[in-house]
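What TrEMBL says about this one:
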type: DOMAIN; residues: 539-641; note: domain 'STAS'
type: TRANSMEM; residues: 136-156; note: transmembrane segment
type: TRANSMEM; residues: 168-186; note: transmembrane segment
type: TRANSMEM; residues: 198-216; note: transmembrane segment
type: TRANSMEM; residues: 250-268; note: transmembrane segment
type: TRANSMEM; residues: 275-296; note: transmembrane segment
type: TRANSMEM; residues: 335-355; note: transmembrane segment
type: TRANSMEM; residues: 367-387; note: transmembrane segment
type: TRANSMEM; residues: 399-418; note: transmembrane segment
type: TRANSMEM; residues: 465-489; note: transmembrane segment
Amino acid sequence: MEASAAVDSSATMAAFEVSNTGKLVLSSPSPPSLREELVGVVGKAFRPRAASGGRAPRCPWALTALQCVFPVLTWGRTYTLKSFRSDVMAGLTLASLGIPQSIGYANLAKLDPQYGLYTSVVPPLIYAVMGTSREIAIGPVAVVSLLLSSMIQNVVDPATDPATYRSLVFTVTFLAGVFQVSFGLFRLGFLVDFLSHAAIVGFMAGAAIVIGLQQLKGLLGLSHFTNSTDIVSVIKAVCSALRHDPWHPGNFFIGCSFLIFILITRFIGRRYKKLFWLSAISPLISVILSTVAVYATRADKHGVKIIQKVHAGLNPSSAKQIHLNAPHTAECAKIAIICAVIALTEAIAVGRSFASIRGYKLDGNKEMLAMGFSNVAGSLSSCYVATGSFSRTAVNFSAGARSTMSNIIMSITVFITLELFMKFLYYTPMAVLASIILSALPGLIDIKEACDIWKVDKMDFVTCLGAFVGVLFGSVEIGLAVAIGISFAKIIMQSLRPQVEVLGRLQGTNIFCSIRQYPVACRTPTVLTIRIDTSFMCFINATYIKERIIGWVREEVETSDGKARERIQAVVLDMSSVVNIDTSGLTALEEIHKELVSLGIQMAISGPGLNAVQKMKVSRVVDRIGEDWIFLTVGEAVEACLTEHKGTALEC
């Protein structure tokens, strides 16, 4: 008796659960309002986390807010002398690479050498107390330097008006920092994702070649050169300069000699991990040796181009040079947002790659805040846009950096160099700076990754190729526009034609799956089950989905005429993938329902998302279809249709 009662009870519960699942779908809670969503976003950004144990601090909000903005307050409490020794060595090694690179990148940005060094002093200090990456090295980088020079020179020529050009650089840097801070505060990190991985690979490769071509000016010692960055203009400028302008082969000899030296030391450093420091200090050794050689031989008197005077001392204030109400503010804002996104993309990619090696998680929003405040502070102290450098971060990692203290050590070292050693750079040849920049470019060209993209996704490769060709034969802006345009075209194409699949049941289960993907799945007689594979059924795809479903239904009706046992009695729409729906999607559902009613076919819907359910209820689509025909799962919908029309499921 007890066993029988238990069986009856189980059967009753099962029947109750099945019959009430549709009501569960329709009684789901209302989605949050716009105000609640905005409050939730701000709350997540600033709400303190609950303490994991121990006595709660007296001012938890204040302490958590400070730790959120300044992560140094968290890791600084457990910082040890051993870690400090490792960071000192890493910081000194980093400075030996960063000093010559910063001078070269300033030249690439069409600024005086000291501005590159300034950018290696203030931004690293700010990032050290606000950043979450332990290994990333902050400072000027090649791609951002190229972005600034190529775009700002279209507004003001740095050769004819260097003061206004510098003012625009500082204004762009300030606005880029403001944009980056805004991204972090309002959790707008998705904007960085507008540049897909494939687009970044192509853009970086194209930018590397453009940067390399730009270095021909220093490598050949040319006096006149084009401001254009496309490959055709640069090659024409080189050919014209070689025909008409005198050039000294000493520049080419110095540049190539030290380029070979740097590449050899890099090969040795990669082959023998313990000698990583050799490749790190080779740029500094190149600067010292070339400077001594030019001074000893007075090669500057015989056509070798040199840096000449470099201003020494601490960063002067540039606050008065930032103009937010000038005639070029709109152009500065456009350039700033491009630089902000590119800088964040590079920094976060570098930071995450090394964080994964060390086994910790990088906080993307905090990184945006740290980068933003670093650039805002930098813009006020004669710095231009700074971000994380892959080559210097790799050196910092190999040198054993344990925290952002290595950035502080590097900053102090660069400051000492600014104070004491700037006069020794007078005879440094421009060719050696070109060789240092050229040596850093191979790391930006990832042929293997481009080949992998081709193998995996041909459309992604088209995006990669579009960015590469756009930068190489057009400009930086054209390359970015082409990459983003192709990416959005790909998304629109996929949204226009979402997958609409006919489902079948796997034998002996209640699992329904695509009969195209799984041919072993068998159709249920008299019931056509269709899955809509899109998260947003909207104006862009609603008509296509409607026509595809109605077309299948009409085809089924025509082929089953005269065969009463096989005639379609019901259509089940699996909307478990449909998270949201707009008015066009609702209209499409109504038209599908009307068409099915005219054919004497019942319509059922299973598993729609929360927002989709709410909109279907408000628009009274649920009332027209009938509340009894909304189900939680496909299996329940199919069984209900079979029961209603006295059908029997195919044994499978």
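Cβ coordinates are placed from backbone N, Cα and C, and glycine is handled just like the others.
Note that the structure is predicted; figures quoted are calculated from it, not measured.
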Might you confirm whether the transmembrane segment (335-355) is in contact with the transmembrane segment (367-387), defined here as three or more C-beta pairs under 8 A between residues 6 or more apart in sequence? yes
Can you say which of 136-156, 275-296, 399-418 has the most Cβ pairs under 8 Å with the transmembrane segment (465-489)? 136-156
When secondary structure is assigned with DSSP, how many helix, strand and coil residues does the domain 'STAS' (539-641) contain? 63 helix, 14 strand, 26 coil
Who are the long-range neighbours of the transmembrane segment (168-186) in its own chain, taking Cβ under 8 Å and residues 6 or more past its ends? 41, 45, 109, 111, 148, 152, 155-156, 192, 318, 321-324, 326, 328-329, 332-333, 335-337, 339-340, 343-344, 365-369, 371-380, 382-385
